[in-house]
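These come from TrEMBL:
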BINDING   Gly97, Gln98, Thr99, Gly100, Ala101, Gly102, Lys103, Ser104  ATP binding site
COILED    560-594  coiled coil
DOMAIN    5-325  domain 'Kinesin motor'
Amino acid sequence: MASSSVKVAVRVRPFNSREINRGAKCVIQMQDKSTCIINSKQPKEAPKNFTFDYSYWSHSSEEDPSFASQRKVYQDIGEEMLLHAFEGYNVCIFAYGQTGAGKSYTMMGKQDPGQQGIIPQMCEDLFRQTAENTDPDLSFSVEVSYMEIYCERVRDLLNPKSRGALRVREHPIMGPYVEDLSKMAVTNYSDIADLMDTGNKARTVAATNMNETSSRSHAVFTILFTQRRHDNMTSLDTEKVCEGANINKSLTTLGKVISALADMHGSKKRRSDFIPYRDSVLTWLLRENLGGNSRTAMIAALSPADINYEETLSTLRYADRAKQIKCNAVINEDPNARLVRELKEEVNRLKELLLSQGLTKLYYTTIPNPPKKGLKPIFRAEKIFLSYNVFLKTESIRQDREALLAEMGVSVKEDGGTVGVFSPKRTPHLVNLNEDPLMSECLIYYIKDGVTRVGQEDVDIRLTGQFIKELHCVFCSEVNENNEVVVTLEPLVGAETYVNGKRITDGVVLKQGNRIVMGKNHVFRFNHPEQARLERERNATQEQQGEPVDWSYAQKELLEKQGIDIKQEMEKRLQDLENQYRKEKEEADQILEQQRLVRKEAV
């Protein structure tokens, strides 16, 4: 694990037409890594000085020797981040500043020669380096996504059929992600350029029709870079994955997160500090990039004009605090691949040791025969190879175990510790539905192959710490002639069991999404992953509408199917409440009157 601070740069742009028309004066000065801001309205006020990793002077023209071009910015920041990407680290570059400060120009640039931003230049370099690869055992793949966040709503800029807002989920291991965000496979820079253009046009149309150019609008362009290597010695295929995020951000909740992280890393009581990641969709999605598993660089875009003095000073202060944020980046490689690589490095080290002692002929090719006494390096090499064979067998067992746990919906960390639970990918199961939405789908009940009894004696479901006597039913899971898993629910004698609101007395074949009510109080939804997958494929081109299948839906369905008029039932309950209120009020009035009489007699 590599601990490193966020790399921070500031860049000042030229005056724009608005500032020129208002006769603005430049309040920014730069020298080497130092940046100074002067308050022209308060001449007696001392200049404020800041020091960053880079201070880019782009206020003048290219004839100025101190002028920082687009290429200069990329060479300092982009090339280093691309190197980390090839090493297998997550990388993130984000531009921060007020609206119109030059964030989009720094990140995206223009189509004119020499005007390309960090993202296009990084993509060109990425494909240039992969094209120069001559190793037949090494291959690469690149996928990209492009989204915009406006008013806490996420929109996919690469999928024209995606009209509604996408939902943000959290994976127990991978962290927050955007559900159903399209990822496009690309093979060269032209593909990325076309997708960028498509996404930018989607933003432009939206901005024209919906006024989405305010500081609350954020664009996030993500590149998923995967390196696959085939090891001929072990016949293993290993991967290194790098996720690179390039973000154009404005002054929102991000400032609060930067301040909280800076305070945390500057304080001894780190664990007690609260970081408000979830205060906005943007900071939640970028949690790992801000103080987590990422190599991160921040470019603060500055306006040089005195009319923007307060906003520019605020940006400089946030950038100065961001220097204190520490990220703990790790190489995203398969743990098996890491151990194999470490073993190989040890073997190579032993080779060099043997070479230095002139024992090349006695190296590991003679390991099957007992080595001569006194040759400790050979004994150590033999031990390494024996350990390696044991490792391969152990890893095979571990992979089988993890595959079984994954089928049950249990996510396992690299060190073997359980870190989360998610819905099984193949096994049919029940999830609970609760009147409180936060308590729904918190419990998963697996339906095993064969017979699963739910009742007084053979109970697989335990609710509220007690065995529920009225839950008498049997789940039968079997594979039919089409190799499909079929689950049948069979109620036992006297049991109150409802499926989709109807009480059942005979066996019923369950379908994806069926609502099951046991004893009228315990509500579940049946999930069949294979059937759900087929339904999603059939409905891929149709918009999903309708009432969500939750506890309220199941209760409403139960009342309707039992012939109970919901409106009449609600009116009856309301009338009962009113009667109870009147009764309690009359009793209270009587007690109050009695107390008043007692006090009067006492007087």
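The chain as shown is numbered from 1 upward.
Positions of Cβ are set from backbone N, Cα and C atoms, glycine also.
The local packing around Ala101 (ATP binding site), expressed as other Cβ atoms within 10 Å of its Cβ over all shown chains, amounts to 26. Highest local Cβ density among the binding-site residues Gln98, Ser104 belongs to Gln98, counted as other Cβ atoms within 10 Å over all protein chains shown. All protein chains considered, the CB of Thr99 (ATP binding site) has 14 other CB atoms within 10 Å. Of all Cβ atoms in the protein chains displayed, 18 besides its own lie within 10 Å of the Cβ of Gly100 (ATP binding site). Beyond the ends of the coiled coil (560-594), by six or more residues, the same chain brings 498, 500-503 to within a C-beta distance below 8 angstroms of the stretch. In the structure shown, across all protein chains, Gly97 is the one of the binding-site residues Gly97, Gly102 with the greatest number of other Cβ atoms within 10 Å.
Mean predicted confidence for the coiled coil (560-594): the pLDDT average there is 79. There are 26 other Cβ atoms within 10 Å of the Cβ belonging to Lys103 (ATP binding site).
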